[in-house]
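Have a look at the structure below, then the notes.
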Amino acid sequence: KTLTSQTCCKEIDASTMAVLTHLLAILFGVGSWVSINGLWVELPLIVPQVPEGWYLPSYLSVLIQAANVGPLVVTLMHRLRPGVLNEAAVIYVIVAVGAVASFLLAFFWKETVVVAGSPRSLALLVLTFFLATVDCTSSVTFLPFMMHLQPHFLTSYFVGEGLSGLLPALAALVQGVGLVRCVNGSRSLNHSGHGTGRLEAQYQPSNFSAEVFFFFLSAMMLVSLAAFLLLDLHPAVVRQQPDPRYSTRSRERFRSSRKRAEQRPMMDLFRPQNHKPRSSLGSSSCSQKQLIFIFVVLGWVNALSNTVLPSVQSYSCLPYGNGAYHLSATLAAVSNPLAGFVAMFVSIRSLVFLGFLTVLGTLIGSYIMLMAALSPCPLLVNDGSGAAIMVLAWILLIFFLSYVKIIIGVILRDEGHSALVWCGAVVQLGSLLGAVAMFPLVSVYGLFSSGDPCSTSCP
């Protein structure tokens, strides 16, 4: 009976620690993009109070892409000096920098400095660059760190990464950012002194300030830092690791062997001789064509979901009303972590299936892009079904593409540390190319026209 009780307690303890590790992986993933995602959803409150006005999003886009110098340095270090970079130390530094930069934004985001005779939000721009560097670098450091844990914890990390977009969106929703009330226009009065009947958008005051919101972002980064600290150092979490290389005693020996490991072919890293493939790739390593397919799909879906389509979201949704815009933004943010939860239980690794979802997501994205191009008079603009279709399109788009990204991450996780480094690099490259393609179309040539959330008049 005593032995049975001890065995039962050990099983309960192991189960409890597995749940705790899943939770820590989620909280760790939240720190990946929460700062930049939070800054974007706060723009409607920030823009009216800074001298850059609505040019600010364009400036931020440039800064975020310039911040790709961070993942570039990390990737080159892995390539040119394998085994030298201390991944854990880099994560500690970048998460701490993200927490500090978010905290400082609460005090300095409205401060201006005269540059070339014009006031500029220099502090806001500089701190945004630091936040962007933190988030971009997380793509090539957070994912490879998850190699230290058992494979099923990677999906939890992706759930947290999805929550890094959802949590700021929900906080902004509670804050009341961007909420519009349609009121009778007062600029043009008829002879009786009453409004003309044209509805105009009137933005509502927020429930709490931008300063409080930035404190919230800083707190989220500190939570992520605490989660990483436990994942990295807590002995109970270490016992979840599948390989003795990652135990506390042998960690230094593993780091010394990392240099040799990273010089091996990408898809053969850490693979024992008796390894049986767990993915649908059909062999113990990817063929060149399969590898090219995986990374092309990964870059494409990240370009669509991270930069190309988000840059036209307001153009695609606002003609259908402010409600449609907020529903699409919020529910699309929910779709990301939802895809992670689904991937926990239904993990289909077939490359054919991933290709099918990518094509389906691309078709949905093409519809969204077409409606944005037709703005302010897209199809079914005066019909409730038009708004419903647009909201559903955004939900399905983010769900399908997020699922593809997660499953590709799981496949590459089985292929080793270097594969995950390149996974993060391709994620950033896809986002960069998408931003480079869309910036001139949206901000330079002005090919898209925004609809009025209250009164869109179309023939």
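In case you wondered, yes, glycine gets a Cβ from its N, Cα and C as well.
Some features that TrEMBL has for this protein:
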{"type": "COMPBIAS", "residues": "249-265", "note": "compositional bias 'Basic and acidic residues'"}
{"type": "REGION", "residues": "242-266", "note": "region 'Disordered'"}
{"type": "TRANSMEM", "residues": "12-34", "note": "transmembrane segment"}
{"type": "TRANSMEM", "residues": "54-77", "note": "transmembrane segment"}
{"type": "TRANSMEM", "residues": "89-109", "note": "transmembrane segment"}
{"type": "TRANSMEM", "residues": "121-145", "note": "transmembrane segment"}
{"type": "TRANSMEM", "residues": "157-180", "note": "transmembrane segment"}
{"type": "TRANSMEM", "residues": "212-231", "note": "transmembrane segment"}
{"type": "TRANSMEM", "residues": "291-312", "note": "transmembrane segment"}
{"type": "TRANSMEM", "residues": "324-346", "note": "transmembrane segment"}
{"type": "TRANSMEM", "residues": "353-374", "note": "transmembrane segment"}
{"type": "TRANSMEM", "residues": "386-412", "note": "transmembrane segment"}
{"type": "TRANSMEM", "residues": "419-448", "note": "transmembrane segment"}
Request  = Count, for each of 157-180, 291-312, 324-346, 386-412, the Cβ pairs lying under 8 Å from the transmembrane segment (353-374), and report the range with the highest count.
outcome  = 386-412
Message = When you look at the transmembrane segment (121-145) alongside the transmembrane segment (54-77), do they share 3+ Cβ pairs under 8 Å, ignoring any pair fewer than 6 residues apart in sequence?
response = yes
Ask   = When only pairs 6 or more apart in sequence are counted, do the transmembrane segment (157-180) and the transmembrane segment (324-346) reach 3 or more Cβ pairs under 8 Å?
value = yes
Remark   = Tertiary contacts of the transmembrane segment (212-231), defined by C-beta under 8 angstroms and 6+ residue spacing from its ends, are 21, 24-25, 27-32, 34-35, 38-39, 42, 45, 91-92, 95-96, 98-100, 102-103, 105-106, 109, 145, 148-149, 167-168, 171-172, 175, 237
Remark   = Per the Cβ filter (under 8 Å) with a sequence gap of at least 6 from its ends, the transmembrane segment (291-312) is approached by 61, 266-267, 351, 354-355, 358, 361-362, 365, 368-369, 372, 397-398, 401-402, 404-405, 408, 411-412, 422-423, 426-427, 429-435, 437-439, 442, 448
Query = Other than its close neighbours in sequence, what residues sit by the transmembrane segment (324-346), given a CB gap under 8 Å and a spacing of at least six beyond its ends?
reply = 41, 152, 155-156, 158-163, 165-166, 169-170, 173, 178-179, 313-314, 316-318, 387, 390-391, 394-400, 402-403, 406-407, 410, 453
